[in-house]
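The block underneath contains the structure these notes are about, expressed in structure tokens.
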Amino acid sequence: MTHEEHHEAKTLGIGKAIAVLTSGGDAQGMNATVRAVVRVGIFTGLRVFFVHEGYQGLVDGGEHIREATWESVSMMLQLGGTVIGSARCKDFREREGRLRAAHNLVKRGITNLCVIGGDGSLTGADTFRSEWSDLLNDLQKDGKITAEERTKSSYLNIVFLVGSIDNDFCGTDMTIGTDSALHRIVEIVDAITTTAQSHQRTFVLEVMGRHCGYLALVTSLSCGADWVFIPECPPDDDWEEHLCRRLSETRTRGSRLNIIIVAEGAIDKNGKPITSEDIKNLVVKRLGYDTRVTVLGHVQRGGTPSAFDRILGSRMGVEAVMALLEGTPDTPACVVSLSGNTAVRLPLMECVQVTKDVTKAMDEKRFDEAIKLRGRSFMNNWEVYKLLAHVRPPVSKGGLHTVAVMNVGAPAAGMNAAVRSTVRIGLIQGNRVLVVHDGFEGLAKGQIEEAGWSYVGGWTGQGGSKLGTKRTLPKKNLEQISANITKYNIQGLVIIGGFEAYTGGLELMEGRKQFDELCIPFVVIPATVSNNVPGSDFSIGADTALNTICTTCDRIKQSAAGTKRRVFIIETMGGYCGYLATMAGLAAGADAAYIFEEPFTIRDLQVNVEHLVQKMKTTVKRGLVLRNEKCNENYTTDFIFNLYSEEGKGIFDSRKNVLGHMQQGGNPTPFDRNFATKMGAKATNWMSGKIKESYRNGRIFANTPDSGCVLGMRKRALVFQPVTELKDQTDFEHRIPKEQWWLKLRPILKILAKYEIDLDTSDHAHLEHISRKRSGEAAV
């Protein structure tokens, strides 16, 4: 791409105007989206307008439609709800209301609309778009607009972003606000768990979601609930019997509590609502357990947005502006959505149609189809939940095959959830499951024990590594490891860990030439806060670390805002990998993020200081700079702090903060719990297949490259990749993959921090079709 094409991005929007509004129920992350739309809009030369109070503001006009400035979206990122307000609007449903809205837009020269809201908001605006030409004709006929204004505003472009905590919109894996709502729910479930254990209580928790069970389903996976009621899959007719037996069995195995999650739209097979009170009365009557109901209500909509929602909102906001700038009269109204970790554009009406199809399927009691229509993510969650919650745990020990599970490397939140899932699904498949303490060192020393169903009870929500983890690699102890593999008859190995787990896998492959005992299938599940394991876009634990950094940055920004004219330099973990610094920079609204993957010079540091000097002249008198711990051996945190202190003398003062090991701790976030649970399940299923495949003459012999894999999330799917094939994609000296997907998000961070950069507009989402997308997902 030439410099001219790069430069074009800054002039793409000159002479055009865009209005941004939030509609329907509020959702955390909407403010991050509004901020991104405003700042990227201004960056490209657009005039950007806020529409306050949703569609009502569009109809009422006047002070409700105000031009936005760069500073007007400052300090919005960490706020829940929507700063520009939202309201349900009857007027907009009537043609008269839409006529007034069109008049208000034309008079301000606005021909682009960015709507952030739920499914109801989206259908309303599509009607508005299809009527646009007729509305303008009427306005011109009544003399309210001139012929020139009519020509200038001849067509209206609309882009939608789905902001809803329910995650009930088909076509996107996650809607803005869902992850934050899960944070609120899981925080409450964790808090309730301690009181429930103290009194041996059963808790029935009712969560939001209208007619979609996503929140309830993911919550049940994230906290290891005993039962979940969701509208998409009503329980069998004798569910009362099954539920009571399940609760009773759990207590018999030594559990002191029961957790039941109920979606607010839960129904039975006949469409009759199942309420929290019904369930409570049933448990009290049949089992006599002390049972309490907690209806979570609007707590789920509130609070600070999670790092995931801030990044999702920012990415979607940027993509929305690009979609509007590229729009033509023939472009269909599109929804910017998320598929895996990729931004995609989908035709609005296709998404609305599939969302309606789900409702129709549920009304007609075609529940299996409803689950399929909800999409790949929902189906995967449901399958794993059924495996873990609705299967009777095996009574007898011993089994078909012996699988061992271990943690390697530094602790990461979510490791325990992955171990729990691996152990329990292994037992369900009839295998004997061993746990290895202290990584490869423990495997060499024989620190191995058999795990039963209850061994991993309550592990999902616990941080760190309960098995113990060490960075020791297997190379020096291959002989002892081989001996213990034989001694304990280990036929498959699940290694959960970071870069050491991956390197250890390579060493085991290499050791096969010397020791036949090592010819057993193994799988590496990436779990590290650094997110630096080749073969996977995400690692277990990185999301929790990211949220920890975000929370700290929010507090530091608040301190800086109070002090005025202060810049904070914060050092994050990650080794040589700049994932945490970059993503936290995006989520916390940093002015700069220094990373190893993007080399920088003293001149770059100088430019950043000059940028902050200019910033102090505005109403935003504070700065936040992130530095990855190994981004440069000479430009250390102390060096950058000293440089900023000297160059900022008399203009701003500087402070530094090294976050350290707090980034490895804490309870895992819902994303990490859910991701770890699914990774463990997928790895165990693969392992069972590989062991059967490798069984010859009464023993396991696996020496093909595909018998030692990394299980990773690649764009839109979980895939197994042989460790030997990943060697060429690895920079071993710096312990990072040679190519990293998140580097393409760096320009967004710089634009949102008001840097004049060259933006490559060629790398954007293209319009896809939901039907094609779904048929392609079937194999996943």
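Indices start at 1 and increase along the chain as displayed.
A Cβ is built for glycine as well, from the same backbone N, Cα and C atoms used for every other residue.
Taken from Swiss-Prot, the feature region 'N-terminal catalytic PFK domain 1' applies to 2-390.
According to Swiss-Prot, the ATP binding site annotation covers Gly25, Arg88, Cys89, Gly118, Asp119, Gly120, Ser121, on the basis of sequence analysis. Arg88 (ATP binding site) falls outside any helix or strand according to DSSP and counts as coil.
Note on Asp119 (ATP binding site): other Cβ atoms within 10 Å of its Cβ, all shown chains, come to 23. Look at Swiss-Prot and you will find Asp119 tagged as Mg(2+) binding site, backed by sequence analysis.
Of all Cβ atoms in the protein chains displayed, 13 besides its own lie within 10 Å of the Cβ of Ser133 (phosphoserine). Under the heading phosphoserine, Swiss-Prot lists Ser133 (among others), citing a large-scale study or a structure entry as support.
Taken from Swiss-Prot, the feature substrate binding site covers Ser164, Ile165, Asp166, Arg201, Met208, Gly209, Arg210, Glu264, Arg292, His298, Val299, Gln300, Arg301, and the record attributes it to sequence analysis. Counting every protein chain shown, the number of other Cβ atoms lying within 10 Å of the Cβ of Arg301 (substrate binding site) is 19.
Annotated active site, proton acceptor per Swiss-Prot: Asp166, in sequence order, evidence recorded as sequence analysis. In this structure, Asp166 (substrate binding site) belongs to neither helix nor strand by DSSP; it is coil.
Counting only same-chain residues six or more apart in sequence, the Cβ atoms lying under 8 angstroms from the Cβ of Ser377 (phosphoserine) belong to Asp173, Met174. DSSP assigns Ser377 (phosphoserine) to a helix. Annotation comment: Swiss-Prot describes Ser377 (among others) as phosphoserine, evidence class a large-scale study or a structure entry.
Taken from Swiss-Prot, the feature region 'Interdomain linker' covers 391-401.
Among the features that Swiss-Prot reports, region 'C-terminal regulatory PFK domain 2' is placed at 402-780.
Within 10 Å of the C-beta atom of Gln664 (beta-D-fructose 2,6-bisphosphate binding site) sit 20 other C-beta atoms, taking all shown protein chains into account. Annotation source Swiss-Prot lists beta-D-fructose 2,6-bisphosphate binding site at Arg471, 528-532, Arg566, 573-575, Glu629, Arg655, 661-664, Arg735, citing sequence analysis.
The O-linked glycosylation site annotation in Swiss-Prot covers Ser530 and is backed by similarity to another entry. The Cβ of Ser530 (beta-D-fructose 2,6-bisphosphate binding site) lies under 8 Å from the Cβ of Gly498, Phe499, Ser539, Ala542, Met573, Gly574, Gly575, Cys577, Tyr579, Leu580, each of these being in the same chain and 6 or more residues away along the sequence.
Under the DSSP three-state reduction, Lys557 (N6-(2-hydroxyisobutyryl)lysine) is assigned to helix. Residues annotated as N6-(2-hydroxyisobutyryl)lysine in Swiss-Prot: Lys557.
Among the features that Swiss-Prot reports, phosphoserine is placed at Ser775 (among others).
Spacing of Asp166 (substrate binding site) relative to Gln664 (beta-D-fructose 2,6-bisphosphate binding site) is 30 Å (Cα to Cα, whole number). The record assigns Gly25, Arg88, Cys89, Gly118, Asp119, Gly120, Ser121 to the ATP site; their largest pairwise CA distance measures 14 Å. Note on proximity: among Ser133, Ser164, Arg210, the recorded positions of the record, the Cα nearest Gly120 (ATP binding site) is that of Ser164. Relative to Gly118 (ATP binding site), the binding-site residues Met208, Arg471, Arg566, Gln664 all have Cα atoms farther than 10 Å away. Within 10 Å of Lys557 (N6-(2-hydroxyisobutyryl)lysine), counting C-alpha to C-alpha distances, fall the following of the binding-site residues Met208, Arg292, Val299, Arg566: Arg566.
In the shown protein chains, 21 other C-beta atoms lie within 10 A of the C-beta of Gly118 (ATP binding site). Here Arg566 (beta-D-fructose 2,6-bisphosphate binding site) is compared against the binding-site residues Gly25, Arg88, Arg292, and the shortest C-alpha distance is to Gly25. The least crowded of the recorded positions Arg88, Arg292, Arg471, Lys557, His661, judged by other CB atoms within 10 A of its own CB, is His661.
The maximum pairwise C-alpha distance among Ser164, Ile165, Asp166, Arg201, Met208, Gly209, Arg210, Glu264, Arg292, His298, Val299, Gln300, Arg301, the residues recorded as binding substrate, is 33 Å.
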